[in-house]
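Structure record follows, encoded as structure tokens.
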2 protein chains.
Amino acid sequence: MRLRNKPWAKDKIAAYPQYVIPDPETKRGRWRELFGHDQPLHVEIGTGKGKFITEMAKLHPDVNFIGIELYPSVLVSALDKLIESGLANVKLLNANAKDLTAFFADGEVSRIYLNFSDPWPKKRHEKRRLTYRDFLALYDRILAEDGDIHLKTDNQSFFEYSLVSLSQYGFVLASVQLDLHQSGMTDNVMTEYEEKFSAKGNRIYRCEAVRPPRRSS
Amino acid sequence: MRLRNKPWAKDKIAAYPQYVIPDPETKRGRWRELFGHDQPLHVEIGTGKGKFITEMAKLHPDVNFIGIELYPSVLVSALDKLIESGLANVKLLNANAKDLTAFFADGEVSRIYLNFSDPWPKKRHEKRRLTYRDFLALYDRILAEDGDIHLKTDNQSFFEYSLVSLSQYGFVLASVQLDLHQSGMTDNVMTEYEEKFSAKGNRIYRCEAVRPPRRSS
């Protein structure tokens, strides 16, 4: 995604602490309280401009959603959608995925969405990919016993890498679609990027992977 | 593959017992003796006309190969290639994959090749797919501790199904290629079907899956 510098972004984010939670560490293990509804928590890592998470939140009022986005200049677009919709079951974090376990207690999250993550194609950047084993270890910790990861991407190499990395970590594939928009899936919510990319006729890859059984120790 | 009826096929097969082993049950656990070389055993299930297995055998004299094919009318083409090449490290079986454990002892096989298996697209035929869990259980038994399955197919739905089925059984993906002929893989040996199909510009899917760790019991 092209990043436009928006020097005012941080101030705007700070002005809406009810939507972009300023101190997520203090909410660790207590997100259900914050939302005021004891319902499953789904986290999107790399929320971008927020189309996916706000549409999902409208469709699934029985789920609490948290969108995490590193770049303030991008997150403000998600914030605008949230202000406009007034949705009570979405919160945003301006944060880095590597700090996930500081924000969420073990087993607190039911589902993680990885949508069109940066593929970091160079081998020397492997550790930055959101399906690198160190990230999977974080997801493993915060995911519930039967929690899962839903991943979408247009990047063939990243998808190949992710299938192998998930499998080698111990995640079990529950579903794979190698051409999502031709798969007959009717409840797919598209991201901004997905709309643009799939309009060119290119493939979208998708998988669902279930968390490894908690090791008894 | 189109099957031409060849009423003479069975007689021809019977005339070459040194190539098409007539009583594979009696060789169970003793294939290394039969080949006369103590080297890994690789089994292709659904050998078809035999291009893959004979080329692989030429390239890998340090491996013993067995090709299994149900249809005599197809197997005779593989037999012809074997007669012509005189390869000592390939044997053929005119047999059904469901009887694998009658032919091979537990752990006797190092690698299984599934090349362009019949996708059996109808849900009610799922049990016939060579990556259905009951077949995976047979492979699990005959494969060695570190044994693996190498699968190629042009059928997207069958590949999606196979990735999930392998993963759910406990196999771990070591490698996935979603467009094999664009992947830079240099040592790929093509089957007859693969040559014809890829010439049309269509994708070939491929994966390698490693056997689940032997359960200690």
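Just so it is clear, glycine is given a Cβ too, placed from its N, Cα and C backbone atoms.
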Record-annotated substrate site (Swiss-Prot): member among A:D80, A:D148, A:D154 besides A:K122, A:T191, A:E192, A:Y193, A:E194: A:D154
The annotated region 'Interaction with RNA' range in Swiss-Prot, which must be one of A:46-51, A:124-129: A:124-129
Three-state composition of the region 'Interaction with RNA' (A:124-129), taking helix and strand from DSSP: 5 helix, 0 strand, 1 coil
Greatest C-beta neighbour count within 10 angstroms, which of the binding-site residues A:N96, A:T191: A:T191
Binding-site residues compared (A:E44, A:D154, A:E192, A:E194) - the one with the fewest other Cβ atoms within 10 Å: A:E192
Integer average pLDDT (0 to 100) for the region 'Interaction with RNA' (A:124-129): 98
Separation of alpha carbons, A:E69 (S-adenosyl-L-methionine binding site) and A:E192 (substrate binding site) (Å): 15
Site extent for substrate (largest Cα pair distance over A:K122, A:D154, A:T191, A:E192, A:Y193, A:E194, Å): 25
